[in-house]
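Taken from TrEMBL, the feature coiled coil covers 62-89. The compositional bias 'Polar residues' feature in TrEMBL is assigned to 43-59, 219-235, 256-265. Marked as compositional bias 'Basic and acidic residues' by TrEMBL: 236-252. The compositional bias 'Low complexity' annotation in TrEMBL covers 266-277. What TrEMBL lists as compositional bias 'Acidic residues' is 278-288. For 1-157, the entry in TrEMBL reads domain 'F-BAR'. The annotation domain 'SH3' is assigned in TrEMBL to 294-353. Annotation comment: TrEMBL describes 38-61, 190-295 as region 'Disordered'.
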Amino acid sequence: MHIKERKDIEDAFKKAQKPWAKLLAKVNKAKSDYHGACKTEKSASNQERNASGDSSLSMDQLRKMQERVNKTKEDVQRFKEKYEVALQELNSYNPKYMEDMTVVFEKCQALEAERLQFFKATLFSLHKCLNISQNVVLPLIYDEFSHTINNADHEKDLKWWSNNHGVNMAMNWPQFEDYTEEFRDIAKGKSKDSIPAGSITLINQRPVGEDLPEYPPVSNKSSTRKGNNMNTNSRVNDEPDVKESDQPKSPDSKSAARSTSSPALNGNYPNNEGPNPFEEDEWEDGEVLVDNGEPGIPVRALYDYVGAESDELSFKQGDTFEKLEDEDEQGWCKGRKEGRVGLYPANYVEPVA
């Protein structure tokens, strides 16, 4: 039982026992008084019998002893009557006591029966859930599974694949197409509110190529050791600034320097020529980093850094190595770590005191 139910049952038993317990306490007190009086009477009788054979005692003393014996006998009779009356009262209340206790006991039995029946019903429900042999849904699932497997046809699957992705698929061979002039759709204004529901078509027909200006070729310049074209591209894109984190950003990598604007990136090629995949790259990675053995300044890494290119150093927070050259205009320093010379961001380290 729960604690509250148990306390309620105990209180009900105490309430039913309280009247009978009072009568029982009265019987016990009467019994104790009667037994004490009997003990006193017995002791007084022995003293009176012993004194009767003693010649040294006077008649007055013998008379007092005899009176004391008579008084104790009267007390014994009086306490005996009280004891018998208390027992009669207790015995007369016994049926009422049994009735009250039976009511409380039956209530307790009813609660316990409800609890046991609940556990039995719960266990039966658990048995029903675990007994999958009686579940009518499972045979249907297995039958559907078997039916699905049986309907699988490898020949149909292979034929479908051949018709859609294989040799039997429909071919769209190149055919002669006559020249047709193209039309350009324009929309005025950059604001979304000013865009009309439909596009505007030019009435005067012109080929598309005649309206596009030709851009002069941009000469490819050798990239510096660390280019800053990434900053230029970010300004052109007019993207909103993003809140910087506490860790400083490393300077623009050399790959950003290589992303200088060129006709290939803009989609415009001089003289209507396409990109030449065999053209040699005109940019360089800068001078080769060589360990000349010169002494360096000890520095300690403030953050983790993983080199993005082969000439960059990688380190973890707390690593110490040597700085060989001061910071350049791009924010990079030359250093040596574990015998290897490379570049690293200047704001990622601090001098070792």
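A Cβ is built for glycine as well, from the same backbone N, Cα and C atoms used for every other residue.
Source: prediction; values computed, not measured.
Taking DSSP states H, G and I as helix and E and B as strand, the compositional bias 'Polar residues' (43-59) has 11 helix, 0 strand, 6 coil. As a summary of secondary structure, the domain 'SH3' (294-353) carries 3 helix, 29 strand, 28 coil according to DSSP.
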